[in-house]
Amino acid sequence: MMLGVYTLLLLWGLATPCLGLLETVGTLARIDKDELGKAIQNSLVGGPILQNVLGTVTSVNQGLLGAGGLLGGGGLLSYGGIFSLVEELSGLKIEELTLPKVSLKLLPGVGVQLNLHTKVSLHGSGPLVGLLQLAAEVNVSSKVALGMSPRGTPILVLKRCSTLLGHISLMSGLLPTPIFGLVEQTLCKVLPGLLCPVVDSVLSVVNELLGATLSLVPLGPLGSVEFTLATLPLISNQYIELDINPIVKSIAGDVIDFPKPRIPVKVPPKEDHTSQVTVPLYLFSTVFGLLQTNGALDLDITPEMVPRNVPLTTTDLAALAPEALGKLPPAQHLLLSLRVTKSPMVLLQNKKATVSIPVTIHVLSSVPQGTPVALFQLNGVMTLNAHLAPSSTKLHISLSLERLSVQLASSFPQPFDASRLEEWLSDVVRAAYMQRLNEHLEVGIPLPKILNVNFANSVVDIIENAVVLTVAP
C-alpha cells in the first residue's frame, strides 16, 4: 500500500541551544526528536483522533456524495446537475484511515518538520457502479506557531493548514472516466479538509504533555516544587531544549531561596537518540535545607534504638574515655542528643555525591526516675555518601555514613581526646540515625514530566554541581 505524507512544520524556536552551559539553577531538559515523534505516534494509536475522522462522513445516506452532500440538496452531482446519471450514488464515506507512520526532522533556528504517512479508504454504492471503493493518498502541510497559555505553559497553535490530495485509485466498482475525474476533483477540494483536524488533534495531545511539564509536585511534609518555564524552548538538529525553573515552597507556601552556585553548570553533550534532564545542585541543597529547618535531622538516641552489639552505657564509655564520666557509676544507660543547627552541604563532583552534616552531640547519662545528667558536648561533622537511583517521577537518595569526626566542645568533668569516641559514635549513628534519615529522604528529588519520558532506567552521571539523567527512547 502506497503511503501519503502529512507534513507539519512546527515553528518552535528561532534560536539554537547554548553551548552546554546552564547559567541558571534550573532543570535543563533536552527532548530528543525521537521522543517527540513517539509522543505524536502514541497520540494517534491510543486516542480517538483517527476514529473521529472516520465518524465525519459515515451516515449511509449522508455521506460525502449522499443526500446533503455532492449528490443531494442541489449538490454538484445532484439531480439536474451535470451528471444526473449517478444521482443514486450515495453513502461514500471514510471507512479506513491507515495509521500514520511518523517521521520528523528538527530544523535549527526554524522549527520541526513532521511527516505523517497515511492512506484513506472510501466506500460507497450505487445502482450503476455497484460497490465502490476508493483509496486516496494525502499530503497535509500545516504551520504551527508557539505561544504561551494563560498558565504560562508552551502551547502549539495551528496557524495554517494547506492540503494536497495525491493519487486516487479506484479499488473496486465502476465509474466512467468523466465521472471519475469529477469525483477526483471534488475529493481534492473536500476530503483533505476533513483531515486537517487530525493535525489539530495531534497538537492538542502534545500540548497536554507539554503542559504537564510545568506542574506542582509535592515534597511530602517538606513543601512542594513548582516547575515553570524560564525561557522559550530552543531547538537544535537533534533535540528541543527546555530551561525549567524549579520554585521550591515550604509547607506554608513560602518560597525557599537557598544559596545558588556562582559558576554555571557545564552540561555534557547529549548523545543522539537520547533524552536528558539535568538536576541542579540547588534542588539537593534545598531538600536538605528543608529537612534541617523542619527539625527532621535532629534525633534523640536511646539504648532501645540500637542493637545489643552497639553498647550505649557508662561502662562502655569508660573503656574509651574514663575521664569523661567523673564519678558516675558503671552500667548506666547513655542518651545521645543529635542536633543539626546549620544546613547540610551537598557536594556533586567527579561522579560522586556526598553530604556533610554539621552536628552537635550532647551525651547524657540516664538516671532512673530522674533528670538525665549532661556529661559533655561534641561538635562534629558527618560525611555521608549519597547513592542516587532514578524512578519515573523522582531521583531517590539513600545515604550511608563514610566517617564521623568530632571534637570536644565542653566537658563537665575534665577535657579529653574526643577522637577516641569516633568509632563508637559511628556505630551508634549507623545503627540508629541513618535509617531515620533515609526515611525522611524518601520524598526524593522530583523530576519534571517530559512528554511521558520514563527515567526509571536512565543512566545517572554526577557532574560538577549537577546530576544528569540520560535515557534512550
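Cβ atoms are placed via backbone N, Cα and C, with glycine included.
Swiss-Prot lists 1-20 with the feature signal peptide.
Note on ASN139 (N-linked glycosylation site): other Cβ atoms within 10 Å of its Cβ, all shown chains, come to 19. What Swiss-Prot records for ASN139 is N-linked glycosylation site, and it gives sequence analysis as the kind of evidence.
Counted within 10 Å of its Cβ, the other Cβ atoms near CYS196 (disulfide bond) come to 17, all protein chains included. Look at CYS196 (disulfide bond): DSSP puts it in a helix. Look at Swiss-Prot and you will find CYS161-CYS196 tagged as disulfide bond.
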At a 10 Å cut-off from the C-beta of CYS161 (disulfide bond), count the other C-beta atoms across all protein chains.
19
How many Å separate the Cα atoms of CYS196 (disulfide bond) and ASN139 (N-linked glycosylation site)?
10
